[in-house]
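Peer 1: Here's a structure for you.
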Amino acid sequence: MSLLIRGATVVTHEESYRADVLCANGLIQAIGENLETPSGCDVLDGGGQYLMPGGIDPHTHMQLPFMGTVASEDFFSGTAAGLAGGTTSIIDFVIPNPRQSLLEAFHTWRGWAQKSAADYGFHVAITWWSDEVAREMGELVAQHGVNSFKHFMAYKNAIMAADDTLVASFERCLELGAVPTVHAENGELVFHLQQKLLAQGLTGPEAHPLSRPPQVEGEAASRAIRIAETLGTPLYLVHISSREALDEIAYARAKGQPVYGEVLAGHLLLDDSVYRHPDWATAAGYVMSPPFRPVEHQEALWRGLQSGNLHTTATDHCCFCAEQKAMGRDDFSKIPNGTAGIEDRMALLWDAGVNSGRLSMHEFVALTSTNTAKIFNLFPRKGAIRVGADADLVLWDPQGSRTLSAATHHQRVDFNIFEGRTVRGIPSHTISQGKLLWAAGDLRAEPGAGRYVERPAYPSVYEVLGRRAERQRPVAVER
(Lines of atoms letter the chains of each structure in order from A; the text may use other names.)
(Lines give C-alpha, C1' and ligand atoms only; values in the text may rest on other atoms or scores of the structure.)
Protein backbone atom coordinates (compact mmCIF):
# COMPACT_ATOMS: atom_id res chain seq x y z
CA MET A 1 0.00 0.00 0.00
CA SER A 2 1.39 3.42 -0.95
CA LEU A 3 0.23 7.00 -0.62
CA LEU A 4 1.48 10.10 -2.43
CA ILE A 5 0.79 13.50 -0.84
CA ARG A 6 1.09 15.96 -3.69
CA GLY A 7 1.79 19.68 -3.61
CA ALA A 8 1.73 20.38 0.12
CA THR A 9 4.06 22.76 1.93
CA VAL A 10 6.27 20.55 4.07
CA VAL A 11 6.90 22.12 7.48
CA THR A 12 9.51 20.73 9.88
CA HIS A 13 11.05 22.14 13.05
CA GLU A 14 13.74 23.77 10.88
CA GLU A 15 12.39 24.61 7.42
CA SER A 16 9.45 24.71 5.03
CA TYR A 17 9.33 23.94 1.31
CA ARG A 18 6.87 22.75 -1.32
CA ALA A 19 7.18 19.05 -2.20
CA ASP A 20 5.49 15.76 -2.89
CA VAL A 21 5.94 13.02 -0.27
CA LEU A 22 5.65 9.33 -1.11
CA CYS A 23 4.81 6.85 1.65
CA ALA A 24 5.03 3.07 1.29
CA ASN A 25 5.50 0.13 3.65
CA GLY A 26 4.94 2.39 6.63
CA LEU A 27 7.87 4.68 5.79
CA ILE A 28 8.59 7.87 3.89
CA GLN A 29 10.14 6.62 0.66
CA ALA A 30 10.72 9.79 -1.34
CA ILE A 31 10.47 13.58 -1.07
CA GLY A 32 10.70 15.89 -4.07
CA GLU A 33 8.95 17.92 -6.70
CA ASN A 34 6.69 16.26 -9.26
CA LEU A 35 7.25 12.71 -8.05
CA GLU A 36 5.93 9.98 -10.32
CA THR A 37 2.82 8.21 -9.08
CA PRO A 38 3.55 4.49 -8.62
CA SER A 39 1.06 2.00 -9.99
CA GLY A 40 -1.84 1.47 -7.59
CA CYS A 41 -0.79 4.39 -5.39
CA ASP A 42 -3.42 6.55 -3.70
CA VAL A 43 -2.95 10.29 -4.22
CA LEU A 44 -3.85 12.97 -1.67
CA ASP A 45 -3.97 16.58 -2.82
CA GLY A 46 -2.10 18.72 -0.30
CA GLY A 47 -2.43 22.01 -2.16
CA GLY A 48 -2.83 25.00 0.14
CA GLN A 49 -2.06 22.94 3.23
CA TYR A 50 0.91 22.19 5.46
CA LEU A 51 2.36 18.70 5.81
CA MET A 52 3.95 18.22 9.22
CA PRO A 53 5.26 15.36 11.37
CA GLY A 54 2.44 13.65 13.23
CA GLY A 55 1.97 14.85 16.77
CA ILE A 56 3.59 12.97 19.65
CA ASP A 57 1.86 13.30 23.02
CA PRO A 58 4.46 12.50 25.69
CA HIS A 59 1.97 12.36 28.56
CA THR A 60 -1.23 10.29 28.52
CA HIS A 61 -3.02 7.96 30.95
CA MET A 62 -5.32 5.57 29.11
CA GLN A 63 -7.58 3.37 31.31
CA LEU A 64 -5.54 4.34 34.38
CA PRO A 65 -6.68 2.81 37.69
CA PHE A 66 -6.64 5.87 39.95
CA MET A 67 -8.38 7.26 43.03
CA GLY A 68 -10.84 4.39 43.33
CA THR A 69 -11.92 4.23 39.70
CA VAL A 70 -10.52 3.69 36.20
CA ALA A 71 -10.05 6.37 33.54
CA SER A 72 -12.86 6.14 31.00
CA GLU A 73 -10.64 6.22 27.92
CA ASP A 74 -9.06 2.95 26.79
CA PHE A 75 -6.08 2.62 24.47
CA PHE A 76 -8.18 2.27 21.34
CA SER A 77 -10.64 5.09 21.97
CA GLY A 78 -7.92 7.42 23.21
CA THR A 79 -5.48 6.88 20.36
CA ALA A 80 -8.34 7.05 17.85
CA ALA A 81 -9.32 10.44 19.26
CA GLY A 82 -5.68 11.45 19.00
CA LEU A 83 -5.60 10.53 15.31
CA ALA A 84 -8.64 12.76 14.76
CA GLY A 85 -6.60 15.57 16.26
CA GLY A 86 -3.35 14.94 14.37
CA THR A 87 -1.52 12.93 17.06
CA THR A 88 0.06 9.74 15.72
CA SER A 89 2.04 8.51 18.75
CA ILE A 90 1.73 8.62 22.53
CA ILE A 91 3.93 7.84 25.50
CA ASP A 92 1.71 6.54 28.28
CA PHE A 93 2.62 5.56 31.84
CA VAL A 94 2.99 2.24 33.61
CA ILE A 95 2.24 2.97 37.28
CA PRO A 96 2.92 0.01 39.58
CA ASN A 97 1.30 -0.14 42.97
CA PRO A 98 3.79 0.27 45.82
CA ARG A 99 5.55 -3.08 46.34
CA GLN A 100 4.39 -4.33 42.92
CA SER A 101 6.92 -5.66 40.43
CA LEU A 102 7.71 -3.12 37.71
CA LEU A 103 7.82 -5.89 35.13
CA GLU A 104 4.46 -7.28 36.21
CA ALA A 105 2.88 -3.84 35.87
CA PHE A 106 4.63 -3.25 32.54
CA HIS A 107 3.20 -6.44 31.06
CA THR A 108 -0.26 -5.53 32.36
CA TRP A 109 -0.14 -2.18 30.56
CA ARG A 110 1.28 -3.80 27.42
CA GLY A 111 -1.73 -6.09 27.41
CA TRP A 112 -4.16 -3.19 27.73
CA ALA A 113 -2.40 -1.30 24.94
CA GLN A 114 -2.63 -4.07 22.36
CA LYS A 115 -5.85 -2.48 21.08
CA SER A 116 -4.11 0.87 20.41
CA ALA A 117 -4.87 2.46 17.05
CA ALA A 118 -1.60 4.43 17.00
CA ASP A 119 2.00 3.79 18.00
CA TYR A 120 2.78 3.98 21.71
CA GLY A 121 5.53 3.72 24.28
CA PHE A 122 5.70 3.78 28.07
CA HIS A 123 7.35 5.70 30.84
CA VAL A 124 7.47 3.53 33.98
CA ALA A 125 6.76 5.07 37.39
CA ILE A 126 8.96 4.40 40.39
CA THR A 127 6.51 4.18 43.30
CA TRP A 128 8.79 2.39 45.77
CA TRP A 129 12.42 1.36 46.08
CA SER A 130 14.43 -1.81 46.60
CA ASP A 131 17.28 -3.69 44.99
CA GLU A 132 14.65 -5.56 42.96
CA VAL A 133 13.27 -2.27 41.59
CA ALA A 134 16.78 -1.28 40.53
CA ARG A 135 17.27 -4.65 38.81
CA GLU A 136 13.94 -4.44 37.00
CA MET A 137 14.72 -0.92 35.81
CA GLY A 138 17.77 -2.38 34.11
CA GLU A 139 15.72 -5.13 32.48
CA LEU A 140 13.11 -2.65 31.26
CA VAL A 141 15.81 -0.57 29.60
CA ALA A 142 17.82 -3.44 28.13
CA GLN A 143 15.01 -5.74 27.00
CA HIS A 144 11.85 -3.65 26.66
CA GLY A 145 12.90 -0.31 25.20
CA VAL A 146 12.00 1.87 28.18
CA ASN A 147 14.26 4.91 28.55
CA SER A 148 12.38 7.10 31.03
CA PHE A 149 11.12 6.68 34.58
CA LYS A 150 8.45 8.78 36.29
CA HIS A 151 8.49 10.01 39.89
CA PHE A 152 5.41 11.43 41.59
CA MET A 153 6.43 13.94 44.26
CA ALA A 154 2.72 14.23 45.17
CA TYR A 155 -0.06 11.80 46.24
CA LYS A 156 1.04 11.04 49.79
CA ASN A 157 0.02 7.63 51.15
CA ALA A 158 -0.30 6.34 47.60
CA ILE A 159 2.38 6.62 44.90
CA MET A 160 4.52 9.51 46.21
CA ALA A 161 8.29 9.12 45.89
CA ALA A 162 10.19 10.54 48.87
CA ASP A 163 13.65 12.07 48.53
CA ASP A 164 15.48 8.82 49.24
CA THR A 165 13.63 7.16 46.36
CA LEU A 166 14.33 10.12 44.08
CA VAL A 167 18.05 9.97 44.83
CA ALA A 168 18.32 6.21 44.35
CA SER A 169 16.23 6.16 41.19
CA PHE A 170 17.92 9.18 39.57
CA GLU A 171 21.29 7.53 40.22
CA ARG A 172 20.05 4.32 38.62
CA CYS A 173 18.74 6.28 35.61
CA LEU A 174 22.22 7.73 35.18
CA GLU A 175 23.75 4.24 35.20
CA LEU A 176 21.24 3.05 32.59
CA GLY A 177 21.21 6.07 30.28
CA ALA A 178 17.55 6.78 31.04
CA VAL A 179 15.73 10.06 31.62
CA PRO A 180 14.16 10.66 35.05
CA THR A 181 10.88 12.57 34.92
CA VAL A 182 8.95 14.14 37.79
CA HIS A 183 5.50 15.34 38.71
CA ALA A 184 6.63 18.30 40.80
CA GLU A 185 4.35 19.06 43.73
CA ASN A 186 5.28 18.87 47.41
CA GLY A 187 3.06 16.01 48.54
CA GLU A 188 3.47 16.73 52.24
CA LEU A 189 2.27 20.30 51.79
CA VAL A 190 -0.62 19.24 49.54
CA PHE A 191 -1.83 16.71 52.10
CA HIS A 192 -1.53 19.24 54.92
CA LEU A 193 -3.44 21.91 53.02
CA GLN A 194 -6.16 19.47 51.97
CA GLN A 195 -6.81 18.51 55.59
CA LYS A 196 -6.73 22.13 56.69
CA LEU A 197 -9.22 23.27 54.05
CA LEU A 198 -11.60 20.39 54.75
CA ALA A 199 -11.50 21.22 58.46
CA GLN A 200 -12.51 24.77 57.56
CA GLY A 201 -15.55 23.46 55.69
CA LEU A 202 -14.20 23.98 52.17
CA THR A 203 -15.27 20.76 50.48
CA GLY A 204 -15.98 21.88 46.89
CA PRO A 205 -13.78 22.12 43.79
CA GLU A 206 -12.88 25.73 44.66
CA ALA A 207 -10.62 24.30 47.38
CA HIS A 208 -8.61 22.20 44.92
CA PRO A 209 -6.28 24.99 43.65
CA LEU A 210 -5.97 26.33 47.21
CA SER A 211 -4.54 22.98 48.30
CA ARG A 212 -1.94 23.01 45.53
CA PRO A 213 -0.71 26.62 45.24
CA PRO A 214 2.14 27.61 42.90
CA GLN A 215 4.66 27.55 45.76
CA VAL A 216 4.02 23.83 46.22
CA GLU A 217 5.00 23.21 42.60
CA GLY A 218 7.94 25.60 42.69
CA GLU A 219 9.46 23.98 45.77
CA ALA A 220 9.21 20.48 44.34
CA ALA A 221 10.62 21.56 40.98
CA SER A 222 13.56 23.19 42.74
CA ARG A 223 14.22 20.09 44.84
CA ALA A 224 14.10 17.71 41.87
CA ILE A 225 16.36 19.98 39.83
CA ARG A 226 18.91 20.21 42.66
CA ILE A 227 18.95 16.43 43.08
CA ALA A 228 19.50 15.99 39.34
CA GLU A 229 22.21 18.66 39.35
CA THR A 230 24.05 17.00 42.23
CA LEU A 231 23.93 13.56 40.63
CA GLY A 232 24.61 14.76 37.08
CA THR A 233 21.42 13.42 35.49
CA PRO A 234 19.12 15.05 32.93
CA LEU A 235 15.62 15.86 34.16
CA TYR A 236 12.23 16.19 32.48
CA LEU A 237 9.48 17.95 34.44
CA VAL A 238 5.93 17.16 33.36
CA HIS A 239 2.95 19.54 33.19
CA ILE A 240 4.61 22.77 34.35
CA SER A 241 1.76 25.07 35.38
CA SER A 242 3.26 27.95 37.35
CA ARG A 243 5.69 30.80 37.01
CA GLU A 244 7.47 29.52 40.12
CA ALA A 245 8.30 26.15 38.56
CA LEU A 246 9.20 27.75 35.24
CA ASP A 247 11.62 30.11 36.98
CA GLU A 248 13.40 27.12 38.50
CA ILE A 249 13.80 25.53 35.06
CA ALA A 250 15.03 28.78 33.52
CA TYR A 251 17.58 29.29 36.31
CA ALA A 252 18.91 25.74 35.94
CA ARG A 253 19.15 25.97 32.16
CA ALA A 254 20.95 29.30 32.40
CA LYS A 255 23.66 27.41 34.30
CA GLY A 256 23.84 24.78 31.56
CA GLN A 257 21.86 22.07 33.34
CA PRO A 258 19.97 19.68 30.99
CA VAL A 259 16.46 20.27 32.33
CA TYR A 260 13.38 20.01 30.12
CA GLY A 261 9.88 21.33 30.74
CA GLU A 262 6.51 20.13 29.46
CA VAL A 263 3.33 22.21 29.39
CA LEU A 264 -0.30 21.24 28.82
CA ALA A 265 -2.70 23.04 26.51
CA GLY A 266 -5.05 23.52 29.44
CA HIS A 267 -2.48 25.36 31.54
CA LEU A 268 -1.84 27.71 28.62
CA LEU A 269 -5.51 28.54 28.09
CA LEU A 270 -7.58 28.02 31.26
CA ASP A 271 -7.42 29.83 34.60
CA ASP A 272 -8.49 29.02 38.14
CA SER A 273 -11.85 30.79 37.85
CA VAL A 274 -13.23 27.50 36.46
CA TYR A 275 -13.17 26.03 39.96
CA ARG A 276 -15.60 28.68 41.18
CA HIS A 277 -18.29 27.84 38.61
CA PRO A 278 -21.70 27.79 40.37
CA ASP A 279 -22.46 24.31 39.01
CA TRP A 280 -20.56 21.71 41.07
CA ALA A 281 -20.25 19.17 38.24
CA THR A 282 -18.89 21.76 35.83
CA ALA A 283 -16.30 22.94 38.34
CA ALA A 284 -15.34 19.36 39.24
CA GLY A 285 -14.74 18.58 35.58
CA TYR A 286 -11.66 20.81 35.66
CA VAL A 287 -10.06 19.11 38.67
CA MET A 288 -6.59 17.92 37.72
CA SER A 289 -3.15 18.31 39.25
CA PRO A 290 -1.45 20.67 39.11
CA PRO A 291 -4.59 22.81 38.92
CA PHE A 292 -5.27 25.60 36.47
CA ARG A 293 -3.68 28.81 37.71
CA PRO A 294 -4.43 32.54 37.83
CA VAL A 295 -4.12 34.29 34.46
CA GLU A 296 -0.63 35.69 35.02
CA HIS A 297 0.82 32.18 35.00
CA GLN A 298 -0.53 31.58 31.48
CA GLU A 299 1.52 34.44 30.04
CA ALA A 300 4.59 33.18 31.88
CA LEU A 301 4.12 29.74 30.31
CA TRP A 302 3.80 31.22 26.82
CA ARG A 303 7.05 33.09 27.43
CA GLY A 304 8.57 29.81 28.54
CA LEU A 305 7.71 28.28 25.18
CA GLN A 306 9.00 31.29 23.28
CA SER A 307 12.28 31.43 25.22
CA GLY A 308 13.05 27.72 24.90
CA ASN A 309 12.69 26.96 28.61
CA LEU A 310 9.63 24.80 27.94
CA HIS A 311 10.15 22.16 25.29
CA THR A 312 7.10 19.98 24.75
CA THR A 313 3.32 20.26 24.80
CA ALA A 314 1.23 17.41 26.15
CA THR A 315 -2.24 16.69 27.48
CA ASP A 316 -1.98 14.50 30.60
CA HIS A 317 -5.03 12.95 28.92
CA CYS A 318 -6.79 11.15 31.79
CA CYS A 319 -10.56 11.10 31.39
CA PHE A 320 -13.12 10.70 34.13
CA CYS A 321 -16.80 11.14 33.32
CA ALA A 322 -19.13 13.33 35.38
CA GLU A 323 -20.41 10.34 37.35
CA GLN A 324 -16.85 9.44 38.34
CA LYS A 325 -16.04 13.02 39.31
CA ALA A 326 -19.07 12.90 41.64
CA MET A 327 -17.15 10.48 43.89
CA GLY A 328 -15.76 13.63 45.50
CA ARG A 329 -19.13 15.38 45.93
CA ASP A 330 -18.54 15.96 49.64
CA ASP A 331 -14.74 16.03 49.64
CA PHE A 332 -12.77 17.78 46.89
CA SER A 333 -9.69 15.67 47.62
CA LYS A 334 -11.60 12.59 46.42
CA ILE A 335 -12.55 14.01 43.01
CA PRO A 336 -10.63 11.87 40.49
CA ASN A 337 -7.88 14.07 39.07
CA GLY A 338 -7.76 14.28 35.29
CA THR A 339 -9.00 15.97 32.13
CA ALA A 340 -9.12 15.16 28.42
CA GLY A 341 -7.33 16.86 25.55
CA ILE A 342 -5.60 14.45 23.16
CA GLU A 343 -7.97 15.32 20.32
CA ASP A 344 -7.76 19.08 20.84
CA ARG A 345 -4.10 19.73 21.79
CA MET A 346 -2.67 20.51 18.36
CA ALA A 347 -5.54 22.69 17.13
CA LEU A 348 -5.53 24.65 20.38
CA LEU A 349 -1.79 25.28 20.21
CA TRP A 350 -1.99 26.33 16.57
CA ASP A 351 -4.91 28.67 17.16
CA ALA A 352 -3.58 30.26 20.36
CA GLY A 353 0.10 30.04 19.39
CA VAL A 354 0.63 30.34 15.65
CA ASN A 355 -2.46 32.39 14.77
CA SER A 356 -1.68 34.84 17.58
CA GLY A 357 1.94 35.32 16.51
CA ARG A 358 3.29 33.78 19.71
CA LEU A 359 4.84 30.83 17.85
CA SER A 360 6.15 30.15 14.37
CA MET A 361 5.05 27.10 12.39
CA HIS A 362 8.49 25.59 12.97
CA GLU A 363 8.21 26.09 16.72
CA PHE A 364 4.78 24.47 16.58
CA VAL A 365 6.27 21.36 14.97
CA ALA A 366 9.07 21.26 17.53
CA LEU A 367 6.69 21.64 20.46
CA THR A 368 4.10 19.12 19.29
CA SER A 369 6.41 16.45 17.88
CA THR A 370 10.13 16.85 17.24
CA ASN A 371 11.33 17.89 20.70
CA THR A 372 9.58 14.94 22.31
CA ALA A 373 11.16 12.63 19.74
CA LYS A 374 14.61 14.04 20.48
CA ILE A 375 14.34 14.02 24.28
CA PHE A 376 13.07 10.43 24.39
CA ASN A 377 15.30 9.09 21.59
CA LEU A 378 12.67 8.55 18.91
CA PHE A 379 14.22 11.00 16.43
CA PRO A 380 14.60 10.77 13.45
CA ARG A 381 12.31 7.75 13.25
CA LYS A 382 9.54 10.04 14.47
CA GLY A 383 9.19 13.80 14.64
CA ALA A 384 10.79 14.21 11.21
CA ILE A 385 9.92 14.32 7.52
CA ARG A 386 12.81 12.61 5.81
CA VAL A 387 13.36 9.48 3.75
CA GLY A 388 13.35 6.43 6.01
CA ALA A 389 11.31 8.02 8.80
CA ASP A 390 8.01 6.55 9.89
CA ALA A 391 5.21 7.80 7.64
CA ASP A 392 3.40 9.48 10.55
CA LEU A 393 2.15 12.76 9.14
CA VAL A 394 -0.58 15.34 9.53
CA LEU A 395 -1.93 17.45 6.68
CA TRP A 396 -2.91 20.75 8.25
CA ASP A 397 -5.58 23.09 6.94
CA PRO A 398 -4.69 26.56 8.28
CA GLN A 399 -8.08 27.97 7.26
CA GLY A 400 -10.23 25.11 8.51
CA SER A 401 -12.08 25.57 11.76
CA ARG A 402 -14.19 23.67 14.23
CA THR A 403 -15.90 24.29 17.54
CA LEU A 404 -14.73 22.03 20.36
CA SER A 405 -17.56 20.21 22.07
CA ALA A 406 -18.42 17.01 23.89
CA ALA A 407 -21.24 16.61 21.38
CA THR A 408 -18.80 16.11 18.51
CA HIS A 409 -15.46 14.99 19.94
CA HIS A 410 -14.23 11.39 19.77
CA GLN A 411 -12.85 11.32 23.32
CA ARG A 412 -14.66 8.92 25.66
CA VAL A 413 -15.78 11.50 28.20
CA ASP A 414 -19.10 13.31 28.58
CA PHE A 415 -17.79 16.86 28.80
CA ASN A 416 -15.05 18.96 27.22
CA ILE A 417 -13.04 21.44 29.25
CA PHE A 418 -12.73 23.62 26.13
CA GLU A 419 -16.46 23.44 25.36
CA GLY A 420 -17.59 26.05 22.83
CA ARG A 421 -14.13 27.29 21.87
CA THR A 422 -13.69 27.71 18.12
CA VAL A 423 -10.23 27.02 16.71
CA ARG A 424 -8.88 27.93 13.28
CA GLY A 425 -6.26 25.59 11.88
CA ILE A 426 -7.14 21.89 12.07
CA PRO A 427 -5.91 18.54 10.74
CA SER A 428 -7.67 17.67 7.51
CA HIS A 429 -5.90 14.31 7.22
CA THR A 430 -3.82 12.18 9.60
CA ILE A 431 -1.48 9.48 8.30
CA SER A 432 -0.12 6.74 10.56
CA GLN A 433 2.34 4.15 9.22
CA GLY A 434 1.52 5.45 5.75
CA LYS A 435 -2.21 4.79 6.14
CA LEU A 436 -4.84 7.50 5.93
CA LEU A 437 -6.71 7.16 9.24
CA TRP A 438 -8.40 10.58 9.49
CA ALA A 439 -9.74 12.01 6.25
CA ALA A 440 -11.83 15.18 6.26
CA GLY A 441 -13.93 14.11 9.22
CA ASP A 442 -13.89 10.37 8.52
CA LEU A 443 -12.14 8.44 11.31
CA ARG A 444 -10.73 5.12 10.07
CA ALA A 445 -8.87 4.00 13.19
CA GLU A 446 -8.28 0.27 13.55
CA PRO A 447 -8.00 -1.51 16.92
CA GLY A 448 -4.57 -3.08 17.28
CA ALA A 449 -2.95 -1.18 14.40
CA GLY A 450 -0.66 0.69 16.78
CA ARG A 451 2.80 -0.71 17.51
CA TYR A 452 4.78 -0.69 20.72
CA VAL A 453 7.80 1.50 19.96
CA GLU A 454 11.01 0.79 21.84
CA ARG A 455 13.06 3.83 22.83
CA PRO A 456 16.80 3.15 23.09
CA ALA A 457 18.78 4.25 26.13
CA TYR A 458 21.24 7.13 26.04
CA PRO A 459 19.44 9.90 24.18
CA SER A 460 21.71 12.60 22.80
CA VAL A 461 21.83 14.59 26.05
CA TYR A 462 23.99 11.83 27.52
CA GLU A 463 26.83 12.63 25.12
CA VAL A 464 27.26 16.01 26.80
CA LEU A 465 26.74 14.61 30.29
CA GLY A 466 29.39 11.95 29.74
CA ARG A 467 32.03 14.48 28.74
CA ARG A 468 31.03 16.76 31.59
CA ALA A 469 31.25 13.95 34.15
CA GLU A 470 34.68 12.93 32.90
CA ARG A 471 35.95 16.48 33.17
CA GLN A 472 34.55 16.87 36.69
CA ARG A 473 35.57 13.46 38.00
CA PRO A 474 36.93 13.88 41.56
CA VAL A 475 40.56 13.04 42.15
CA ALA A 476 41.89 11.83 45.46
CA VAL A 477 44.67 13.82 47.09
CA GLU A 478 47.86 11.78 47.43
CA ARG A 479 49.29 12.11 50.90
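We number each residue from 1, going along the chain as drawn.
Glycine residues also receive a Cβ, built from the backbone N, Cα and C atoms like all the rest.
These figures come from a predicted structure and were not determined experimentally.
Sharing the features that Swiss-Prot gives for it:
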- His59, His61, Lys150, Asp316: Zn(2+) 1 binding site (BINDING)
- Lys150, His183, His239: Zn(2+) 2 binding site (BINDING)
- Tyr155, Ser289, Asn337: substrate binding site (BINDING)
- Lys150: N6-carboxylysine (MOD_RES)
Peer 1: Which one is it, among the binding-site residues His59, His61, His183, that lies nearest to Ser289 (substrate binding site) by Cα separation?
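Peer 2: The answer is His183.
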Peer 1: Other than Tyr155, Ser289, Asn337, which residues of the chain come within 8 Å of the substrate site, judged by Cβ distance to the Cβ centroid of those residues?
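Peer 2: Apart from the listed residues, the neighbours are Met67, Ala154, His183, Glu185, Met288.
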Peer 1: In the same chain, which residues outside the set Lys150, His183, His239 have their CB within 8 A of the centroid of the CB atoms that define the Zn(2+) 2 site?
Peer 2: His59, His151, Phe152, Thr181, Val182, Ala184, Leu237, Val238, Asp316
Peer 1: Taking Cα atoms as reference points, which of the binding-site residues His61, His183, His239, Asp316 is nearest to Tyr155 (substrate binding site)?
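Peer 2: Closest recorded candidate to Tyr155 (substrate binding site) by Cα: His183.
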Peer 1: Once near-sequence residues are set aside, which residues in the chain of Asn337 (substrate binding site), 6 or more away, have Cβ atoms under 8 Å from its Cβ?
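Peer 2: Correct list: Phe66, Met67, Val287, Met288, Ser289, Cys318.
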Peer 1: Distance check, please: Cα of His239 (Zn(2+) 2 binding site) against Cα of Asp316 (Zn(2+) 1 binding site), rounded to an integer number of angstrom.
Peer 2: 8
Peer 1: Work out how many Å separate Lys150 (Zn(2+) 1 binding site) and His183 (Zn(2+) 2 binding site) at their Cα atoms, rounded off.
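Peer 2: Between the Cα atoms of Lys150 (Zn(2+) 1 binding site) and His183 (Zn(2+) 2 binding site), the distance comes to 8 Å.
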Peer 1: With a radius of 8 angstroms around the mean position of the C-beta atoms of His59, His61, Lys150, Asp316, what other residues of the same chain does the Zn(2+) 1 site pick up?
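Peer 2: For the Zn(2+) 1 site the neighbour list reads Thr60, Asp92, Phe93, His123, His183, Val238, His239, Ala314, His317, Cys318.
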Peer 1: What's the CA to CA span in angstrom from Asp316 (Zn(2+) 1 binding site) over to His183 (Zn(2+) 2 binding site)?
Peer 2: 11
